[in-house]
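**Q** Starting off with a structure, shown below.
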Amino acid sequence: MFIFAFLLLLSPPQLAFSFTVTTTSAGHAIPFPAFEHLNVKDSIAAATHLRPPASATTTQYTDDSEVTQKPITKNSTVKLHLVHRDKLAFSWHNDHRRRFEARMKRDARRVAGLIRRLSGGATSAYEVADFGAEVVSGMDQGSGEYFVRIGVGSPARSQYMVIDSGSDIVWVQCQPCGQCYHQSDPVFDPAESASFSGVSCSSSVCERVENSGCHAGRCKYEVSYGDGSYTKGTLALETLTIGHTVVQNVAIGCGHMNRGMFIGAAGLLGLGGGAMSLVGQLGGQAGEAFSYCLVSRGTGSFGSLEFGRSVLPVGAAWVPLLRNQRAQSFYYIGLSGLGVGGTRVPISEDTFRLTEYGEGGVVMDTGTAVTRLPTAAYVAFRDTFMAETANLPRAPGVSIFDTCYDLNGFVTVRVPTVSFFLSGGPILTLPARNFLIPVDERGTFCFAFAPSPSGLSIIGNIQQEGIQISFDGSSGYVGFGPNVC
């Protein structure tokens with residue numbers, strides 16, 4: 001389990017051996033665990049012996065569904081399953097090293113795209129009631145690793161959608177399709193939906209779409225992603241069924257020209273901070289609040305995605321949500337430092353500061369796998385971790401990782417804890433499997449962090465796994481815990 005030191009949540013005996021005392025940026029002395037155990041055999045088994053469960057390929061909605069559906073109201077609560085792509089049969093192959101290498105290549109493209117967007121080298125083409133869905137993780141899905149299953153149109157047609165906290169548009173592939181990639185469900189046909197309505201060029205909705213165009217009186221959209229993927233089509237208003245909740249008049253992109261790394265999914269569910277994301281469009285209906293828990297790799301359970309103020313947990317550690325006026329889509333948090341083995345690493349707080357010019361800062365991103373840190377911070381962090389693990393046999397670097405270990409033959413190993421010092425005092429101590437991950441079947445594990453080629457820091461989904469993370473947009477806070485998945 002993860003540990004918040006200031007709450008003194010006790011970890012199981014097999015995780016924590018000892019506690020040390022450190023000092024937060026506020027000057028508070030706080031004890032937190034210095035060491036824990038990583039179960040090597042279980043970690044390898046979880047990563048390499050995955051099989052997509054039958055439930056991952058079944059539809060959550062049927063075209064003639066008899067499930068009672070209800071409209072969204074201010075007091076609604078909706079929950080969706082979040083699923084990792086590895087659990088979906090359409091993405092399955094059993095070579096763990098191949099999955100890992102493909103994931104890292106996509107991750108590098110994702111990070112390069114984010115840095116271009118946030119440095120002014122590229123811009124996002126779009127800024128786009130309580131309810132929820134289960135979340136699936138899409139490891140081989142280029143521009144997103146976690147998936148939800150929702151209904152699109154009337155009657156609702158089941159579709160897998162990538163979730164992306166850094167995107168501000170909802171879109172699906174649509175017939176007629178001039179260029180479409182393969183998806184697991186039939187491509188959505190707006191002609192078969194009674195609730196589909198095109199958006200005119202003069203509509204205020206069209207005006208909210210950045211770089212929108214006009215053709216034959218209809219609003220056109222185009223979105224490009226950092227990995228080279230894109231979607232082009234027309235803007236429309238449509239009904240979405242999320243869980244058992246019906247949300248009408250959601251502005252979606254109906255993509256007739258689509259290309260890229262979304263293989264399997266029908267489109268993308270943008271959860272960013274802009275007006276055209278699903279969160280932005282729900283507005284007061286969901287109280288500008290949502291929560292997700294990304295299920296840990298290799299587990300048999302689902303994660304969750306929920307919307308509405310009633311889903312905000314009691315007992316979470318809340319830190320201020322920061323906004324970058326140059327990049328409204330992204331959710332920034334304050335990070336004051338990093339810890340290894342119960343000791344704070346000597347890194348200046350300025351390293352992680354978001355400047356008034358929109359440079360630097362720390363972004364929470366569901367679409368990035370591996371946490372990136374500015375190079376100087378990463379080197380100090382990595383070197384401290386290496387010093388604390390000098391007793392473990394080393395292995396050559398793999399892919400984007402330069403710090404790896406040969407744990408073949410080990411059942412468990414004792415490793416130093418890794419902690420994020422969050423602004424305001426909370427210290428988030430990660431479980432070992434969130435920072436030391438297997439990259440092959442023979443026992444090679446790597447320190448799951450990498451240097452950023454810019455001043456931007458990104459908290460990736462590997463480090464977020466298993467922890468409930470909540471966003472309260474109206475109050476301006478991000479919550480961590482107390483629940484796990």
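In case you wondered, yes, glycine gets a Cβ from its N, Cα and C as well.
Straight out of TrEMBL:
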ACT_SITE  ASP164  active site
ACT_SITE  ASP365  active site
DOMAIN    146-481  domain 'Peptidase A1'
SIGNAL    1-18  signal peptide
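What's the neighbourhood like for each of these?
**A** Of all Cβ atoms in the protein chains displayed, 24 besides its own lie within 10 Å of the Cβ of ASP164 (active site).
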**Q** Whole-number answer please: how many Å between the C-alpha atoms of ASP164 (active site) and ASP365 (active site)?
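**A** With distance taken Cα to Cα, ASP365 (active site) is 8 Å from ASP164 (active site).
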**Q** By a simple count, how many Cβ atoms lie within 10 Å of the Cβ of ASP365 (active site), its own Cβ left out?
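**A** Taking all protein chains shown, ASP365 (active site) has 22 Cβ neighbours within 10 Å.
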